[in-house]
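A.B. asks: Checked TrEMBL, it gives:
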BINDING   70-83, 282-294  NAD(+) binding site
BINDING   90, 100, 128, 218  substrate binding site
DOMAIN    1-353  domain 'Isopropylmalate dehydrogenase-like'
SITE      135  site 'Important for catalysis'
SITE      185  site 'Important for catalysis'
Ligand code: NAD
Ligand code: IPM
Ligand code: MN
């Protein structure tokens with residue numbers, strides 16, 4: 001468990017409550033090891049994640065991550081910034097597929113920034129490519145050319161990198177509404193043209209029975225707030241996936257509601273899938289240390305961990321239902337608070353969740 005910075009440790013404390021409860025009441029036998037990442041690790045060791053922590057993360061059955069970053073480290077060199085620790089974990093664990101489900105709970109319909117009729121029953125899966133693209137492309141940096149200063153990054157995708165994330169999207173779609181929307185900007189970017197070509201090839205070769213559409217990223221941002229229910233699975237690159245998933249978060253009521261699973265390829269020998277579970281939100285410096293953070297995105301990420309890494313479907317269902325029940329009781333953290341509801345703190349939300357888990361088991 002890498003709690004990280006800001007509200008990271010606050011929301012992770014609520015996951016720990018659930019783990020302690022399930023070890024106690026459901027005999028799950030989870031062994032948890034805490035470690036540092038992000039600014040917390042920089043302060044202790046001068047880097048955003050240590051080699052030892054990387055080794056432990058690679059050896060673990062699953063990693064849970066809270067959030068990293070904050071104004072305290074804004075002026076640290078880029079390679080040691082808190083965010084670099086998160087990026088190294090994703091890259092070195094080869095977690096190329098980031099599943100970000102935007103699911104609207106009935107009880108939260110009024111917290112969405114869209115009209116109820118647009119978001120009722122909404123269930124979108126954004127599959128974000130997580131280990132390539134402009135986040136990692138070389139060259140990058142600053143330069144002076146003919147006396148003019150430049151800053152630059154490189155957007156680059158190999159066939160393999162697009163192929164494998166497209167397959168994840170198509171496989172997911174087959175278990176859902178059988179529809180994939182691939183998002184890029186093939187109208188202006190060469191890498192976008194290439195992305196579309198490879199997705200079409202994968203589709204024609206192995207997934208012709210899945211409905212496939214293509215959309216430019218700017219239009220997709222607009223369509224997400226115009227008529228989100230038109231989407232089932234969206235597959236897109238690292239940067240567009242980052243932007244579109246924050247946007248999709250508000251459909252559900254708050255960034256504090258959006259979980260994610262970052263998955264790698266199955267090791268054919270051991271059967272293990274490298275995995276890290278992380279809320280979509282960041283360290284929220286504006287509310288850190290005040291007990292205001294919504295822990296549900298992280299708790300729902302933990303539920304994804306039960307489902308994807310441990311095949312504990314019943315426990316995951318219980319947790320998802322407990323979240324639904326807590327919301328139906330009218331309990332709300334500040335970010336999803338509305339008229340007539342009862343405001344609770346981060347830990348108040350976690351305690352109520354345990355009460356609901358008690359009832360369900
Ligand atoms: P942010 O996601 O931390 O916060 C954006 C807004 O959403 C803030 O107003 C915040 O209060 C609110 N918010 C976020 N999570 C919430 C929660 N669980 N409950 C209630 N409200 C919540 O994004 P930012 O402010 O742009 O970034 C702050 C820092 O976090 C930066 O250093 C950034 O790099 C980092 N960051 C880290 C991650 C990560 O660790 N996965 C993700 C995004 C941003
Ligand atoms: C996210 C975050 C990260 C990203 C940052 C903190 C590196 O915004 O997980 O969405 O851009 O991927
Ligand atoms: Mn983001």
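Cβ atoms here come from the backbone N, Cα and C positions, even for glycine.
For each listed feature, how buried is it and what is near it?
C.D. replies: Sequence-distant neighbours of residue 74 (NAD(+) binding site) (same chain, six or more apart, CB under 8 Å from its CB) are absent.
DSSP assigns residue 100 (substrate binding site) to a strand in the three-state reduction. Taking Cβ-Cβ distances under 8 Å and a sequence separation of 6 or more, the neighbours of residue 100 (substrate binding site) in its chain are 125, 126, 127, 128, 241, 245, 248, 258, 259, 260, 280.
Residue 135 (site 'Important for catalysis') falls within a helix when secondary structure is assigned with DSSP. Within the same chain, residues at least six positions away from residue 135 (site 'Important for catalysis') with a Cβ under 8 Å of its Cβ are 87, 238, 239.
Taking Cβ-Cβ distances under 8 Å and a sequence gap of 6 or more within the same chain, the neighbours of residue 185 (site 'Important for catalysis') are 192, 216, 217, 218, 240.
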A.B. asks: Within 10 Å of its Cβ, which one of these binding-site residues (284, 288) has the largest number of other Cβ atoms?
C.D. replies: 284
A.B. asks: Including all protein chains displayed, how many Cβ atoms other than that of residue 90 (substrate binding site) lie within 10 Å of its Cβ?
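C.D. replies: The answer is 22 other Cβ atoms.
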A.B. asks: Under 8 Å Cβ-Cβ from residue 82 (NAD(+) binding site), six or more apart in the same chain: what's there?
C.D. replies: 4, 5, 37, 38, 39, 41, 42, 48, 68, 69, 70, 73, 76, 283
A.B. asks: Under 6 Å from ligand 1 by Cβ, which recorded positions from 74, 78, 128, 135, 288?
C.D. replies: none
A.B. asks: I'm trying to understand the geometry here, so how far is the Cα atom of residue 288 (NAD(+) binding site) from the Cα atom of residue 90 (substrate binding site), in Å to the nearest whole number?
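C.D. replies: Spelling it out, the Cα of residue 288 (NAD(+) binding site) and the Cα of residue 90 (substrate binding site) are 25 Å apart.
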A.B. asks: Mind giving me a neighbour count for residue 292 (NAD(+) binding site)? Other Cβ atoms within 10 Å of its Cβ, every protein chain shown.
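C.D. replies: Excluding its own Cβ, the number within 10 Å is 18.
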A.B. asks: Other than its own, how many Cβ atoms are within 10 Å of the Cβ belonging to residue 128 (substrate binding site)?
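C.D. replies: Around the Cβ of residue 128 (substrate binding site), 27 other Cβ atoms lie within 10 Å.
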